[in-house]
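First the structure, in the form of structure tokens, and then the observations on it.
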Amino acid sequence: MQIMLCAISNIASGGCGEDCKYCTQSAHVKTNINKYKRKDIDQIVLEAKMAKKNEALGFCLVTAGAGLDDEKLEYVCKVAHAVQKEVEGLLLIACNGIANLEQLKELKKAGIFSYNHNLETSKEFFPNICSTHTWEQRFQTNLYAKEVGLMLCCGGIYGLGESEADRKSFRASLKELDPFSSPINFFIPNENLKLKQALLDPDEALNIIKDTKKDLPNAHIMVAGGREVVLKERQYEIFDAGASAIVVGDYLTTKGEEPSKDIQKLKQMGFSFASSCH
């Protein structure tokens, strides 16, 4: 079995005007995360080279904020061109919030392979975690991404206080979108966040992966944020549960597993690493 590894570069961090209750990048909460408007492009290229060295196939360019404006779009396209010039064989993923058809067309022209815009949770539960934009705006952005020919990376976050009915509704919406890959994140409590929820139990987290694979049999199920914190020593059981992709290295504002540990463990388990999209 091949495992797809993806790395993340937080190319514009913090200061987001949205009020998502689970997110430390929101300007509505005081957190000690690293904040910057633009990361130096040379630094991003170095990170892309490291991602490639760490067996990553996907490299995700993430910007904080509600969505794209002209300036941000131009910057993301410049980054995409620079990475492609210096690093071969990486599939570029853009994660830049709410976007329209024209913006997504520009990203595709710049060499972006896939657009990541998570629904996060069910349509019904979403107003409990965010009031500054709607679930429908997220869903529509995904439809636009598909329309322009971008592959779709769409998932969400569990452990926000949602019910089992919410989880089923959320996965039904994902099934409707039929994404190429679907990230599963697990909420990590933070004293500065307005949302107060305990960590999910490892068994519950593994069952979420199983249920997601059942509902999205054709998608790469990617276990992302919270993997190490929630599952701890059981984190490599995710592959038996149906996952076929993980984030390698650090996340947006939290530390990830050491890439060398992930790579060594996966090799010991008999896995190889995806080097092309299939």
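Glycine residues also receive a Cβ, built from the backbone N, Cα and C atoms like all the rest.
As written in Swiss-Prot, here are the features:
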- 1-227: domain 'Radical SAM core' (DOMAIN)
- C16, C20, C23: [4Fe-4S] cluster binding site (BINDING)
- C60, C95, C153: [2Fe-2S] cluster binding site (BINDING)
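Over all protein chains present, the Cβ of C153 ([2Fe-2S] cluster binding site) has 28 other Cβ atoms lying within 10 Å. Neighbouring residues of the recorded [2Fe-2S] cluster site, listed in sequence order and excluding C60, C95, C153, comprise C6, I8, G58, L61, V62, I93, A94, S114, Y115, N116, P183 (Cβ within 8 Å of the Cβ centroid). Nearest in space to C16 ([4Fe-4S] cluster binding site), taking C-alpha to C-alpha distance over the binding-site residues C60, C95, C153, is C95.
A separation of roughly 18 Å, to the nearest angstrom, links the Cα atoms of C60 ([2Fe-2S] cluster binding site) and C23 ([4Fe-4S] cluster binding site). It is 15 Å from the Cα atom of C23 ([4Fe-4S] cluster binding site) to that of C95 ([2Fe-2S] cluster binding site). The local packing around C20 ([4Fe-4S] cluster binding site), expressed as other Cβ atoms within 10 Å of its Cβ over all shown chains, amounts to 23.
If you draw a 10 Å sphere around the CB of C95 ([2Fe-2S] cluster binding site), it holds 22 other CB atoms from the protein chains shown. The distance from the Cα of C20 ([4Fe-4S] cluster binding site) to the Cα of C95 ([2Fe-2S] cluster binding site) comes to 16 Å. Secondary structure at C23 ([4Fe-4S] cluster binding site), taken from DSSP and collapsed to helix, strand or coil, is coil. Summary: among the binding-site residues (C16, C60), the fewest other C-beta atoms within 10 A of the C-beta are counted at C16.
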